[in-house]
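Everything below concerns the one structure shown next.
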């Protein structure tokens, strides 16, 4: 009997991607985050779809419609908090996924890595626009502050900002277009994730050692399907715990106050997952410089393959590079903390030092250390 799984045009693609895919025998739990990100995206699209059925993208009714979802719609509160905290889980998985790529040298798959960087930008844009939709105080002022940064672009800046706003301030036109973009972008992200996977399967997965695993492959199913299911269960456990016990833990209380253009909140800050970039933005006194640093804080990931000077791919056998990697992680945590603090002494100087260290580590210290390790190993 002909095996339909291997012959049917559509089933064949699924089979070669998730069932008979040859995978390295030694990939650890750090390789689980790709599938977890896929699950997060599905959760976000489904909950978002149901929220969109009850949401109205009008400045006069947006805040009320979110309240209506939470109070009057059957399990509306659950859908809303799954969506809000699902975004947090999405970013946790994203950061761990990127960190894994940095540590084990997965960035040597250039196409896969660059599409990954593009995906990161797309997810960040989607999350930012989603945060504006409830039309609370932090939604409105966050949108005002961040869109205003584009005015730092020479010559076309102010025109560009008005074009994005659809007027002379963040208003109804802005909210409507942000809702439209927030709805369409996740589907673009899903398509990009498909391309990401396509390029990954051209080369096969990397593994912790960083050396070729062609000599020792195992089928994806059942070994890694069962491993991914375990990861998914843990993800869902953490998400449901967060949603059911402390749904507002990661949110901002200011967003429970309806947007008021006449009253500025004392501390304007984005959601926690943008705080590291926000801290880098604030640490530079010049507006254009700050915007460039903000973009570069993410875009620097695209340059990492060019900065790889080591003879080894992975950091598994490079203790000095490992030290620098964990200093980078600590630095990012410091930046996240600083981003949530008011602009006053000593937070200003800590933020500036942490920002300098961030770029110094990635652009200077890590490549030099890799060269040093090559010499120490007499390579």
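Every residue, even glycine, has its Cβ placed from backbone N, Cα and C.
Among the features that Swiss-Prot reports, heme b b562 binding site is placed at 83, 182. The heme b b566 binding site annotation in Swiss-Prot covers 97, 196 and rests on similarity to another entry. Per Swiss-Prot, ubiquinone binding site is recorded for 201. What Swiss-Prot lists as transmembrane segment is 33-53, 77-98, 113-133, 178-198, 226-246, 288-308, 320-340, 347-367, and the listing cites similarity to another entry.
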Spatial neighbour of residue 97 (heme b b566 binding site) that is closest, considering only the binding-site residues 83, 182, 201 and their CA atoms: 201
Distance, the residue listed as 'ubiquinone binding site' to residue 83 (heme b b562 binding site) (CA atoms, angstrom): 30
Non-local residues, at least 6 beyond the ends, that sit with Cβ under 8 Å of the transmembrane segment (347-367): 279-280, 282-284, 293, 296-297, 300, 303-304, 307-309, 321, 324-325, 327-328, 331-332, 334-335, 338-339, 341
Coarse DSSP state, helix versus strand versus coil, of residue 182 (heme b b562 binding site): helix
Per Cβ pairs under 8 Å, the stretch of 33-53, 77-98, 178-198, 226-246, 288-308 packing most closely against the transmembrane segment (113-133): 178-198
Rounded distance in angstrom between the Cα atoms of residue 196 (heme b b566 binding site) and residue 182 (heme b b562 binding site): 21
Residue 182 (heme b b562 binding site) versus residue 201 (ubiquinone binding site) - Cα distance in angstrom: 29
Proximity of the transmembrane segment (33-53) to the transmembrane segment (320-340), 3+ C-beta pairs under 8 angstroms: no
Sparsest-packed among the binding-site residues, when each Cβ's other Cβ atoms within 10 Å are tallied, from 83, 97, 196, 201: 201
Intrachain neighbours beyond the transmembrane segment (178-198), with Cβ under 8 angstroms and 6 or more residues off its ends: 17, 37-38, 41, 44-45, 48, 52, 55, 57, 112, 115-116, 118-119, 122-123, 125-126, 129-130, 132-133, 143
Same-chain residues at least 6 apart in sequence whose Cβ lies under 8 Å from residue 182 (heme b b562 binding site): 48, 126, 129, 130, 133
